[in-house]
């Protein structure tokens, strides 16, 4: 081979003697062949890939740029140099001597290569990123190989004259051109048409160099340093990183995987059934066989319900990881590649270190060797860090994408989930799946490769160590193997605790969510202490587990700190003791030590990865159960065209649970197109269930429902989105201005728009918090009307509005003359007055249709319906009343044309005069306290364009703290930990590192013994001393660490306890206005994410930071001891380090803040979606909500991705500093060769090799700490919110107060916020003992404000309220609220037993509770329940009908039996029968109490002692109903509207 090559180039190919001299060089032939062919070969192999875009030919070429032209010109010049060289060879050949073959081949090869480069440059114009990584690598290779030839030519020219001038010149020209091209390829080549994209995201056009060093990101870092970043500043995601693309791929794989898993589940079940030889088995099989296999797969999981009572229900398993793997395999493969290169290079450094120590110890070695080793050390460190950063980037990227696809999957699942599956997990739990479990996957993805990489590194280390120390290594390995079971045990324990803690966390979040949703009830009933106690009990359990978990953690940290040290101690001791001749010298010891250091990382990572894997396993199970759950099964809803029928029920039987009792039984109905059908029946007769069955929300038992055309649905409890009023009505449809105006007018929303601060642009709060019940219902109705569907399903929409408004809505929207007259309308109603006008009435009794037909038919039948009507007033009167009402209507219609109906009776009415005033009152009511920080909101208002009307925006933007985290936050946290704890923890760490430095210096001295006792035997006692002290120092290290971690565990739990307690107690004590302006999601976020951070993340970050900081200080100390000159180099490096750090931290911190701020909308939107599921599904808007979720998530992804890149940007720069530290410590050692011992050089460089990683960690930990401490800041922010008045004050009311129940208002004024106008304008009135007073008035007259004042939800702005001689402003809130009773407008129930809902403090005996239930007409219902009083109420009372919930609220009031009762429109959601029950109960049970009724229906208050008519915050009339009817005033006008002419007509 070598002979052929020598012939080929006409000179010696290889001669080793060239290298064994001070001025070493390579033979010329070697330089001309091997060094030329390596780079060329590389390029030729990879060129085909580079030319691929040319062949696709779909894309257009991008236009020329200056840079591109410049590159091509340089390449053409290179072609010319190659041509010139070839010409030279031919000229020489024509002369006398024929040149060797190499002179022809090389120029020809170069010519072909440069042509390829031209081609590649041109091809890259098809791509966005116009320069090629392959070319960049080729230039580097070519320049590196060329540099050897370069130096030998220069040296030869300096020694004697140049023999071959033309070739000499050509080489330098070509080398110069290559250098220029290399430099140019570092710049990004951006085509003019890509400018736009580059501004949105520079990454897409960044050059190769810029990509691997993340230089393209620098712009962002500078921007972040100059000013706090906003979400608008963050660059967009690449298209392939957007949720749509990621989730699309994941969903495809998920579907196939789930299908397989479900098939396996079937097999499992079948086996189980055979084992149990279930008698039901045969029957269920025959049913399944009748369907084809696929349907069987879909249907079968429903059988799950059989075991649903047991906690562990089977579900499709093991598919999630497969699906994720299939989706992200490219990323996984690439990162494996990078990781392999990195892991290989990790082992090169110790070998180079060994050579360096040998070089220093060897007097004869040539200087160039030392420099070569130093440069090689630097290069390996550099390549290693580039690979590592690419690998990390891929991993973190994978993590965010996995998280995103999981969240998207959970969201989509929530939209399609069957109602039975939905009951299994509460909203709180699903949000937890999104936040905690998806986050776990993200963390896991970051380290997934450690699972194979750690064992690989461990094995390689052992192999190299064997080479150093021989069999003695086995002692070290034995120690490691012993540690594995210990670790396994710890992991298993930790897993158990973790699972338990997830349950506690779920439970705590569930209660927390309910408390926040029902906070108003909690306040009105003074129940906060009971719930605070419940939450604190769960929290105590959680913290106890947390403490145990942290103990386990500290033990495992202890074990793993001991590990590397114990391993090295065992190995060295055995090595020295085994054989007298074995002397530990510097080469062996420090190569071994640096290998042990390499070992340290995988060994500490492995347990972390395993525990992370454990947690991910828990999460996998939870996610698989959720995502594999049943989908909504709408197979029973058909859409066949049947002429003459819009909706047809055929023998339809439905239930809520798969095997539950049927709620709808054998319903057969035919509803004609365009007809108006009323559904009536008592509470719990299944009216709402009938509607749900039509919407496909229930489980089909038999029969089907056929629906033709699109649906619109108005639920019983209006669902309002957090958006503007206009968006709520449009609900994603196009705006058609004329129709929109028509709808608003018909739905009686015009007067409301006048009242709202910004008309239809007013932002509505979460759950419609700033609209009254009636307004919500009208908006909900308007949404349905605007959607222009074919079939309208209306679940009692008129219940929440006043009687006259209800009448108006019926006339203008629902009735025979309304907007919807041509549509099919199915109306569930409790109002009798409308029944004569409907086409068909369906009477439901216990879920079955008892009769149906027109009004007159049913009356003639004398069936259930006739009795139902009989019990509520005489027919004749009702009919007569109707005709008079209709006549009146017609008379009034002419007048109404010009005015807004439903608001004013006549132009000169009192009402119209006060309307304008009312508008301002109303505005006040809505603009609840917006600014928590008055200054910031003032500043905002200065900058904002003036077009925003006051109060238009209800929910404020979440405050994002900007700027450096205040130092006081750290102090606040440490104070919570306790100063004593903090001090001793720090001392423990200091002691640990003192011992660490001691250990290393001792080892260095030990290795120098090898020199001292070179030709003598090594004294035994010296040997034993060395081993003993080494061991003692090592053990003390670990013990100090254990001491510190144990203490910090205690401190951290203490801090967690204090912070949660403060947060909770404050949130329960803030005034209502706070909850109106703060979305629940935001408060929940404080309790979930931020408390989690305080519990688990901050303590870890603090510990890691301390330990990194100490490690760096100790390393720099050791290097400076070896080579004092190093201190000079430390200074500039330190400055560079500091600046990079400051730049980075300000950007990173802000990005993390943006992340948490952009994350809450994801959860808020999710919560909103889940609560409005039936509406979204009924309208068929799932797609639109998915899209909205995608865009919300993309915004969050954007900030997360940016944050990840900022970490990589930093790491690359820091590792460069680390590589320089290594380089300089090696270089200094080479320079001061003569004066150093091997031991100290080994110590210095092995510490330096270690420093890179530690430097990196220090910055990472600093920024992590800064980022996480924000949680303390956020929690603290909510502990500072201003509280309401004290619960109990010095002044207690007398025992048994109020005994009489007299209420006096004395010139009482109130406003919602200091800067707003009054809502109640000085009310003065007396309410006597046991008097029954009805309060009426139009919407916004201040009726509800009156109750708020009695309970001091609003504090007085003037005047006072006196109850039984006590001014209520002088006593504690609880003393006041516990002695009043209210039956609130919305019946709110909490999860827990029925008994807990009635009596959370266990103050009453069971007899008393049963008595109350009996009076509330619930006794029979509760006695029939299997668990009776212990019956579990589901979240929000979902498993009771609205009427039953209302009765439970009545029972609450009866149990309290206070002297004063307030009824707030309580009878709105109840049918007449229940209404009747409630009224009679209140009459009898509360006969000796003062009762205030705030009524919508005038019937309810006609028998009051007195009626108070309110308007615009004043009392307009106040007298007995008889008097007021005689006096032609506001009240009599309202009564006329409701069809009441004299008090006797109504039996109510």
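Glycine is treated like the rest: Cβ placed from N, Cα and C.
For reference, TrEMBL has these:
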TRANSMEM  34-52  transmembrane segment
TRANSMEM  73-91  transmembrane segment
TRANSMEM  103-121  transmembrane segment
REGION    267-290  region 'Disordered'
TRANSMEM  331-350  transmembrane segment
DOMAIN    333-615  domain 'ABC transmembrane type-1'
TRANSMEM  447-467  transmembrane segment
TRANSMEM  473-492  transmembrane segment
TRANSMEM  549-578  transmembrane segment
DOMAIN    647-871  domain 'ABC transporter'
TRANSMEM  976-996  transmembrane segment
DOMAIN    983-1267  domain 'ABC transmembrane type-1'
TRANSMEM  1027-1053  transmembrane segment
TRANSMEM  1102-1119  transmembrane segment
TRANSMEM  1125-1145  transmembrane segment
TRANSMEM  1210-1232  transmembrane segment
DOMAIN    1303-1537  domain 'ABC transporter'
- Message: Need one number: mean pLDDT over the domain 'ABC transporter' (1303-1537).
- Response: 82
- Recorded stretch, among 473-492, 549-578, 1027-1053, maximising Cβ pairs under 8 Å relative to the transmembrane segment (447-467): 473-492
- Query: Which stretch, 331-350, 549-578, 976-996, tops the Cβ pairs under 8 Å count with the transmembrane segment (1027-1053)?
  - Reply: 549-578
- Which stretch, 647-871, 983-1267, 1303-1537, tops the Cβ pairs under 8 Å count with the domain 'ABC transmembrane type-1' (333-615)? 983-1267
- Output the single range from 34-52, 73-91, 976-996, 1125-1145 maximising the number of Cβ pairs under 8 Å to the transmembrane segment (1102-1119). 976-996
- Task: Could you give the residue numbers and ranges of same-chain residues that sit at least 6 residues beyond the transmembrane segment (1125-1145) on either side and whose C-beta is under 8 angstroms from one of its C-beta atoms?
- Result: 221-222, 224-225, 1116, 1119, 1206, 1209-1210, 1213-1214, 1217, 1220-1221, 1224-1225, 1228, 1232, 1244, 1255, 1259, 1262-1263, 1266
- Note on the structure: Spatial neighbours of the transmembrane segment (34-52) not adjacent in sequence (6+ beyond its ends, CB under 8 Å) are 26, 106, 109-110, 113, 116-117, 119-120, 123-124, 132, 134-135, 137-138, 141-142, 145-146, 148-149
- Note on the structure: For the transmembrane segment (103-121), the distant same-chain contacts (Cβ-Cβ under 8 Å, at least six residues beyond its ends) come to 32, 36-37, 40, 43-44, 47, 50-51, 54, 68, 71-72, 75-76, 78-79, 81-83, 85-86, 88-89, 92, 132, 134-135, 174
